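Record features (Swiss-Prot):
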BINDING   Leu777, Gly778, Lys779, Gly780, Asn781, Phe782, Gly783, Lys784, Val785, Lys800  ATP binding site
COMPBIAS  67-79  compositional bias 'Basic and acidic residues'
DOMAIN    1031-1096  domain 'AGC-kinase C-terminal'
ZN_FING   459-507  zinc finger
ZN_FING   527-577  zinc finger
Amino acid sequence: MDGDDLIASVYRKIEREKALITAASNMRQSTDNPLVQQRVDANIRDGRKNIAYLEEKMRELQLRRMEHEGGGSPTDKRLPPNPEAGPVPPQKDYGPGYGGNEEYGDASGAYPHGGAGSMPSGAPYADPRPFAPVPKARPNYTKLDLIKYDTQYLGPKIQLMLSQLEFKLSVEKQYKAGIEKMVRLYQDEGDRKSRADAEGRRIESNQKIQLLKQALKRYEDLHVDIESTDTPDDESLSTPNLRKPLTGLLTLRIHAVKDVDHAASSRFSRGPETFIVLKVEDTIKARTKATRIDRWQDETFNIDIDKANEIELTVYDKSGDRPTPIGMLWVRISDIAEEMRRKKIESEFNASGWVSADKMEHGGAPGRPDTAGGAGSAHPSGPGGPGAAPSQGYGDGSAGAPAGNQVMIDSWFALEPVGRIYLSMSFAKQLKDRRPFDIGLNRQGAVRQKKEEVHEKQGHKFVTQQFYNIMRCALCGDFLKYAAGMQCADCKYTCHKKCYPKVVTKCISKANYETDPDEEKINHRIPHRFEGFSNISANWCCHCGYLLPFGRKNAKRCTECGLTCHSHCTHLVPDFCGMSMEAANQILETLIRTKNHNKTASVSSGLSGRTLRPSGTPQGPQDSAAMAYPQKPVESPYGAPQRQPSAEAVSAATNSYMPPQSPTAAARQQMPPRTSSSAAVAAATVATGMPSPQQMPAEQNRPMQPQLPTYDPKAYEPYANAPQGMPPQAIQHAAPAGYGMPAQQPAMQMVSQQPPEAPQQPKVRIGLDHFNFLAVLGKGNFGKVMLAETKSTKRLYAIKVLKKEFIIENDEVESTKSEKRVFMIANKERHPFLLNLHACFQTETRVYFVMEYISGGDLMLHIQRGQFGLKRAQFYAAEVLLALKYFHENGVIYRDLKLDNIMLTLDGHIKVADYGLCKENMWYGATTSTFCGTPEFMAPEILLDKRYGRAVDWWAFGVLIYQMLLQQSPFRGEDEDEIYDAILADEPLYPIHMPRDSVSILQKLLTREPELRLGSGPTDAQEVMSHAFFRNINWDDIYHKRVPPPFLPQISSPTDTSNFDQEFTSVTPVLTPVQSVLSQAMQEEFRGFSYTADFA
């Protein structure tokens, strides 16, 4: 539909609403019945609200047409042409700065107004004005706000209800079909009682279907098919880490219903009796008393919730033998919990007078009316409304008392298809480790996504995935409702656990899909004709199983068979147009079974006359070379190495983890492939101690032969001399030569930046007997950090001790090796603000990192002792920034920036420590997807399960500056889920007197869109260094430590540990005995770990 047709359609909708209002007004004048008048008044109110919404859409369409014809400005489309027309419906899930055309909107990422102060030359200068225009903050509403009767956000509500009602309608139709089968079954059996009961449920199901159709028609009539190109999808629909089922106590009080369409009754009878049924996950939990006045005096229910997602309220009228449903409401329990979290934060910040950045910019008053209104106070006309409940909660909700006892959500909610219901409700989550809400900063451990067991099937790497949304199986087409299923780690193919063994279609994200034998494919090769369509109902992707986003931006439909999918999934859907996936898989299974049956005799006879290689025999030179240097796949899915016909799954797994090909490796891969079976490969793997292709690290290449390669200084030149500004393609090939080298090489050879003409002196092999342990400084997931001194020189070191058993059990071998390589990068230039490594060694049970000892403690300890001033926070931020800049210039993202990991030296400067979550080979444009980090510092793109790049470090840098300036976190909650909700939904608040430069840098670093975030461009740290917050910083003086530090930590002696947590320092510094014995293959995993730095 083009622009003119859309405008005409909206005009017709407006005229229809006006006609309905006119008819309603005439009816009101012609009746004296108060109930009819009340219902007509509600219709008129709704009609006026609809007209305001449609007129706003009309203005938006007209403005777009003017822009298209060259008569408007592209930036004007975000402003309402007529501000008096009421609130502008926001774009769905519109984030701060999403798609703005202002300072960060252009593709070049340039900052046109020039720099100020001491800025690095050649940087893209930031706007020196402290409150230069930034991308607009999004309207702050929750999903619960959208289902409230008086919501201002009609546009997002229409989108939400269209998808929700379509899904509810499809489920109800399935339920009705099942009931009809039961009716026929009981009729055949002659069971009259059961048949009558089933017949009653069938009638009720029919009535609910009519209600749902009526509600759906209402929203479809209001929907305007406008799709903004920069409107983000609702990622919460396809994010497995969000919206988990909750357990706790739900408190619900039902006060009244209003404006509902009551069931018809006879002329002389009394009105129908009305009651409400409450269901939790389709199970009836409560029922109100019947009333004829639409109000209830004391209907309060306390319901224990056990891992549930949704509650359903159904209003019934009983005028005859059977009750008739007249209105329905669905509320997600997670939305209730999220609303209560926001109310607690509002109460705290309203009392303190803090405001969001946009209110500070426009001189607004303290408080958050956008969310305070959304939280809901008692409706003025609410009967018996507990008006004191919200104020009581606002006063006490942040005092650490259980939230469910004080804070209540009190509001009118919209019933479907018509009417409203007045509810007061709260939800107290059951938490294992509840965090006090009213205290400042505290230590938090990092989290890392555990590696799931992989089930290989036809090239797919299926892992068990718990889904918290309604999913659809790609094989059988049935729903997975809040259940665990199987999902391919590569192509995201999703199906039931019971269905994944039946999957015969191959993972076509693999490059070898087109080279597979024809007999393993089906001859039904009719490609789908996918075209974009406007998705205004509940449709699921036929490949990944997620609900398609609303609108036309990311939805495709086959014009022939009607199959729907995401735009990015179209190339993964097999060419089975006109055939269901289940039928296609049955045909393929039959073909393969027939083929295997025909080959059984020939295979048996072939094996009888064949000499098999013993499992322990070393492989030939071709195989050993190929295994010694596994190559990472190029991003393109084409041009993969030849596969081994007898080990399709092994080949597919190998292809997915192999690094970029070098010329020699490419030549190796052109050799004829071996035909050894996968069993022989596995046997050789065990015998030689080599990891399987799946376990082969992407950055660590390890030869299988024991002889060590010779040191070649030329191999290090590309990495040592690579200019910082070289393009990503050049960096990608030059960088691995510096530190992605075989692990068996002597440790001193891996320090690649020493001049080759300086001869390497032989070093004493360092071991456990060289040290005395003095104290425990900290503990982590797999071990502890201990203070130790050398027996000979009495020099102090911090030694990180990790148990090999835990490393292997948690599949962290490669992570440990990567941590060592990042230490090498830090050692390369002895960076002043990075912790240096002196040595590594190992025993039979543990590995040890010998690091420099920083006796001043970490910044978390010091900020708990007292708030940092602006100058002190700015000083530490500048030094941390240079550390991040160095990491990024060397292709490393840090991913765990926090106060706990920033150590303070005795001379007052910082050292960034703990490289356990660092990721290598992350140059500009490179992305990864591991879910890891410390909850309060994790960027939104990590939480949304998106691929992310080095911009996540700049988000964490913004959280760090916020904590140093304000001594609290911008995103808080009582558990990790609440913190994640805050990161995705809340706007950080600031004291009204906070300097504008400080607010500006935080606002730009804490931008949810990574491509718009300060520091996300190709010049990386230069963008942040150019900001006005660092106007007075001389970066050369900071790097060379010529700036006097603002604070010097004090110790009484070199071994004084008073700057470390007493919880750890009070523990006796001993290594606990390890009873388990590691096999030779396990020990082989740590070959080449030992290392001694040249400056040690």
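Cβ from N, Cα, C; glycine included.
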Number of helical, extended and coil residues in the zinc finger (527-577), per DSSP: 6 helix, 15 strand, 30 coil
Neighbour count (Cβ, 10 Å) for Gly783 (ATP binding site): 21
Lys779 (ATP binding site): secondary structure state under DSSP, collapsed to three categories: strand
For the domain 'AGC-kinase C-terminal' (1031-1096), residues assigned helix / strand / coil by DSSP: 14 helix, 2 strand, 50 coil
Confidence summary (mean pLDDT) of the domain 'AGC-kinase C-terminal' (1031-1096): 88
Site of maximum Cβ density within 10 Å, from binding-site residues Leu777, Val785: Leu777
Which same-chain residues, if any, lie at least 6 apart from Lys779 (ATP binding site) yet have Cβ under 8 Å of it: Val785, Phe1064
